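Enquirer: This structure is in structure tokens; I'll ask about it shortly.
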Amino acid sequence: MSNFTAEDKAAITSLWAKVNVEDAGGETLGRLLVVYPWTQRFFDSFGSLSSPSAIMGNPKVKAHGAKVLTSLGEAIKNLDDLKGTFGQLSELHCDKLHVDPENFRLLGNVLVTVLAIHHGKEFTPEVQASWQKMVAGVASALGSRYH
Amino acid sequence: MVHFTADEKVAITSLWSKMNVEEAGGEALGRLLVVYPWTQRFFDNFGNLSSPSAILGNPKVKAHGKKVLTSFGDAIKNMDNLKTTFAKLSELHCDKLHVDPENFRLLGNVMVIILATHFGKEFTPEVQAAWQKLVSAVAIALGHKYH
């Protein structure tokens, strides 16, 4: 279980308070699909993913991205119990969706990049460290029920 | 051998031409040491690495970061021949420095974050995709002579 210090929690929650979950969700999922194109295989039913602009403008990508980040918002309220928070989602991603857990790490890195883009210098090394810890904790929690 | 399209090369070189290699180098290495603290083990003789501000202000970190990023600049001039460009450095990092190649991927990710903080929206999904491909290819080239 990842240990988040008081500073980690402050860095995470204060930045999160400024995030537009809907916009950031679409951007994060969109960038995942552009930067790591093999991830598109999980979204066959999403319609046109034929180019970066098609992906970034795709309404299903935006909607699903918002859903994923909303779930992450829940995690941020439960940083000391990520495994409990993500137990069912872990089972879902293993048993029904068959997603390789490596993809959770990739999504986490994309989210960190999106935060860096939006917050520039405010995304200091210390803030980055807290967020990197956060996304690693989430990826681990999402993989914890895999079998 | 990794193949970079003309668009990818443009995305990479145009951003690189706007970078201050000295500052970015210090920032990249500094962030690596802050965000992934176990990497500090390779820099025992660098003096004070006791806090994020100590790390980011450390002159040896800045100097070495500049050296690393200058080498990266050579890679960018030789994108079609990365394995040869990094062959000697690969041997050095294996035989003398004993650096786990996973750390090259971590440094590559840190560089992507720095570009994101500096360039904001200009760091579009397509530009990010090109850079992610470059840092992955550099990591592979640096690991290529390991045995």
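Glycine is treated like the rest: Cβ placed from N, Cα and C.
Per Swiss-Prot, the features are:
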- B:3-147: domain 'Globin' (DOMAIN)
- B:S14: phosphoserine (MOD_RES)
- B:S51: phosphoserine (MOD_RES)
- B:H64, B:H93: heme b binding site (BINDING)
Enquirer: If you measure B:S14 (phosphoserine) to B:H64 (heme b binding site) at Cα, how many Å is it?
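Expert: With the alpha carbons as reference points, the distance is 24 Å.
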Enquirer: Other than its own, how many Cβ atoms are within 10 Å of the Cβ belonging to B:S14 (phosphoserine)?
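Expert: Neighbour count, Cβ to Cβ under the 10 Å cut-off: 11.
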Enquirer: Mind telling me which of the binding-site residues B:H64, B:H93 has the densest Cβ neighbourhood, counting other Cβ atoms within 10 Å?
Expert: B:H93
Enquirer: Mind looking up the mean pLDDT for the domain 'Globin' (B:3-147) in the predicted model?
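Expert: Looking only at the domain 'Globin' (B:3-147), pLDDT averages out to 93.
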Enquirer: Report, in whole Å, the straight Cα-to-Cα distance of B:S51 (phosphoserine) from B:H64 (heme b binding site).
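Expert: Roughly 18 Å, rounded to the nearest whole number.
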Enquirer: What is the separation, in Å, between the Cα atoms of B:H93 (heme b binding site) and B:S51 (phosphoserine)?
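Expert: Answer for this pair: 26 Å between alpha carbons.
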Enquirer: Could you give the number of helix, strand and coil residues in the domain 'Globin' (B:3-147) as assigned by DSSP?
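Expert: Counting residues by DSSP class gives 119 helix, 0 strand, 26 coil.
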Enquirer: Near B:S51 (phosphoserine), how many other Cβ atoms are within 10 Å of its Cβ?
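Expert: A count of 11.
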